[in-house]
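Student: Annotated transmembrane segment per TrEMBL: 46-65, 128-149, 161-179, 185-203, 215-233, 239-257, 284-306, in sequence order. Annotation comment: TrEMBL describes 119-256 as domain 'Peptidase S54 rhomboid'.
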Amino acid sequence: MERGGGVRNGKGRGGRVGGQNEVVAAEPSQFYYHSDSMVKREWTPWIVPLFVAANVAFFVVAMYMNNCPAHSNLYGSCVARFLHRFSFQPLHENPLFGPSSSTLEKLGALVWDKIVQQHQGWRLITCIWLHAGVIHLLANMFSLVFIGIRLEQQFGFARIGIIYLLSGFGGSILSTLFIRTNNISVGASGALFGLLGAMLSELITNWSIYTNKAAALFTLLAITVINLAIGILPHVDNFAHIGGFLSGFLLGFVMLLRPQFGWIERHNLPAASQVKSKHKVYQYVLCVVSLLLLIAGFTVGLVMLFRGVNANDHCKWCHYINCVPTSRWSCGN
């Protein structure tokens, strides 16, 4: 699950578009406690398939507008020219089989100077619907279906849709605070990391309904660490991953609470064993604290962003979170 980063080129259609990696995800419900008393109706998923369709549609539009054969290119000839105007940019420019970085920029890619200096804040939203190429799109949509469908069945379209969108927005904010120079960023991976973070917080806040708590926690933590570790590779926007994950993690405490077992069974239990509160005290505490942190985080982030603050000035080592230079690659762009 990856947010493709790219390099802008102010002259024509040059510039390289960033790479792509897949996410390893766990079945969201495999550790749930399924007794007859806790069986609840499952929602029919439609918002996640709609998100998938929207992402595919945006990619088709991007390829239509790109129209590779109509432009001369220093990187070579277009790939799959039989697709005519839908053919891909040369692989030396975009190895993910997709449009040019200039096309993505026109359609709403995340670009710092356009957001801050030209006041195009809408890019914080549009960038999560764009993808750098077919490989980027397929990997993210596979991850969205694998994670999102089951979550929507469990919690409904409204909660999962809100978590997805706000997590993508949170990832865009953090990314723009740190990513400068000639880089652009596109992709839904900030939103996908938000769903992964929400799964983790849902496990924590609904701890009592899991049959194998340790295994569930270890699985989610391992998946999270592996995918964030992949983010230190070049052309991967790990700040979008982290921002999305943190947003989804806090949103999970707010929106994915489940009633405690005693509340569900209150009609079948003796009066002495019944509980009066639908949720436990710690669930309410986590919900309130997370909501306050969310509001504070989004507010501070947006204020810093539109004031033109460079977050790297306040964290000299944070650039290593996004890319670690080695003898095999450089993190300059």
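Going from the start of the chain as shown, residues are counted 1 onward.
Yeah, the Cβs are placed from backbone N, Cα and C, and that goes for glycine too.
TrEMBL entries are annotated by machine, without manual review.
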Student: Cβ under 8 Å to the transmembrane segment (46-65), counting only same-chain residues 6 or more beyond its ends: which ones?
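Tutor: Same-chain residues near the transmembrane segment (46-65) but 6 or more away: 85-86, 88, 98-99, 103-104, 106-107, 129-131, 134, 137, 140-141, 144-145, 148-149, 152, 157, 160-161, 164, 188.
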Student: Would you mind splitting the domain 'Peptidase S54 rhomboid' (119-256) into helix, strand and coil residue counts from DSSP?
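Tutor: Summed by class, the stretch gives 107 helix, 6 strand, 25 coil.
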Student: Going along the chain, which residues at least six beyond the ends of the transmembrane segment (239-257) come within the CB cut-off of under 8 Å?
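Tutor: For the transmembrane segment (239-257), the list is 1, 3, 110, 155, 159, 162-163, 166-175, 177-179, 185, 187, 189-202, 204-206, 224, 227-228, 231, 279, 283, 286-287, 289-291, 293-294, 297, 321-322.
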